[in-house]
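Asks: Here's a structure for you.
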Amino acid sequence: MESPRHDDESHGGAAATALLHEMLLRARRDGEEPELSDEQLRSNDQLQEDEMLALEAIYGDNISILSAKDGLRCFQVHVHCEIPDGISVSAELSRDDNRDQNSRFFDTFSVQHLAPISFTCLMPPSYPSHHAPYFTLSSQWLDTVKVSSLCLMLDTIWSQQLGLEVVYGWVQWLQSLHFLILVLMMPDSMMGPVDVRVVAEIVSVESAVQWLISYNEEQCHESFLIGLHDCMICFTERAGIDFIKLPCGHYFCQRCMETYSRMHVAEGTVLKLLCPNDKCGGIIPPGLLKRMLGDKDFERWERLTLQKTLDSMSDVAYCPRCVTACLEDEENNAQCSKCFFSFCTRCRYLRHIGERCISPEEKLLSLQDRNKVRQLSKGNFARRINLANEISSIKEVLRSSVLCPHCGTAISRVSGCDHMLCSNCRQPFCYACGKPLHRGHSRIDRENSAGETLKVNPSSLITEMKKELVEERSRQHPCPTCRQLNPKMGNNNHIFCWACQVHYCALCRMVVRKSSEHYGPRGCKQHSVDP
């Protein structure tokens, strides 16, 4: 237990001490302080010393020893009250400075820690045998009329136990009654007798409420730091100082939060970097992220967040020349603010008002023609490489993706059904046919549609199916060993029979021992198109 503080200025200690000495002098002048024998004075002094030792041991940092004249004992106790289950407080507040009834409203908030009441006490030589201690009370959230009622209650307690030590009982009573008198914070009337022992400033209800809320938040945070808590990620019990508490109220240990944040930044899923509680989704403040990630990862988080935000905006396009974000107009055109290039956001070519957009196939042919011309001339080598890369990219897009029918963005399917959602415009479409989704656009509807066709014209459908089967068999190449029909993989004439595990050539139908000897200038072509 730390020793009590020795401070004359603690929470109005100087003003309270001066008032107490004035009260003592007035009592002596009025004859209220009796003349005691030396033996009685020594007895009182011993009782006061014992009581002070007990108070210092019980209240520790909450008691401050104040200097007093004539060697008298003077001290101040900050009386705290903690309510584990919390208590709801309703207050009538005003929206502005005027006191118009129309601008007033009721606000309800919950507190677990009430702001302390300052109890300042001076023990006269006649205490505890003949006279009660002189005291003052002050509070920043109770009005003077209510504090005066507390002073009268302390006088009543003294009258019930004359000649005994009463200071500890007073403080205990203030702590136990503290939460009950909270309802008196909203006074029915500010008029009433004010006790001279009240040391308080007249404050507004709004200021008192703000003080209560601020103090409660500070005390709750301090209680959290010194307590033990379980991390809901790693389920490890740690001290509160090792936790990170989010604005939503959920808390996790610092190690798990740092790992969680760095994982999302490394994988680029910064929009999912929210409260780890699966039912919350609260945001994590940027200042807290910077403290957990460090400067390098935080810069990456800022860059990715900006990029993801721009990508999610349907009216943002990127300049094909300098890759600067541009705003798209109603006609799907945009102008770069950096290089001033005006382009079409659909085909990413030069702006073409009144003309249709060039298709990816036409763009590929155009780039191939430009590539042929530049191969004949001595152009910039770097530009030729960029052109070749662009041609390869468009080929890959046409081969492995489907263009969104709404915005023209190329979408590739990794797995799942044909129901796709465009990552650019967030519109649904069918991956199988490349058309927008509508009611009834599903596999079952397509099967029902096929069944209706079968009912309408079954003979033509059977004839068409037989024709497809014949064509399919004609594209099969029999194995020279077991006669099992096997298809070619693209234009590759080298076939592997799954039945007898033999490699053979689709052109000459001979078993291939070494492909390097069978195919070549003097042998069969390894790649050719079937007639």
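The count begins at 1 with the first shown residue.
Even glycines carry a Cβ here, placed using N, Cα and C.
Straight out of TrEMBL:
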DOMAIN    50-181  domain 'RWD'
DOMAIN    227-452  domain 'RING-type'
DOMAIN    231-279  domain 'RING-type'
DOMAIN    474-531  domain 'B box-type'
Asks: Taking helix as H, G and I and strand as E and B in DSSP, count the residues of the domain 'RING-type' (231-279) in helix, strand and coil.
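Replies: The breakdown for the domain 'RING-type' (231-279) reads 20 helix, 9 strand, 20 coil.
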Asks: Could you count the residues of the domain 'B box-type' (474-531) that DSSP puts in helix, in strand and in coil?
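Replies: Across the domain 'B box-type' (474-531), the residues distribute as 5 helix, 18 strand, 35 coil.
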Asks: Can you give the mean pLDDT for the domain 'RING-type' (231-279), rounded to a whole number?
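Replies: A mean pLDDT of 90 is what the predicted model shows over the domain 'RING-type' (231-279).
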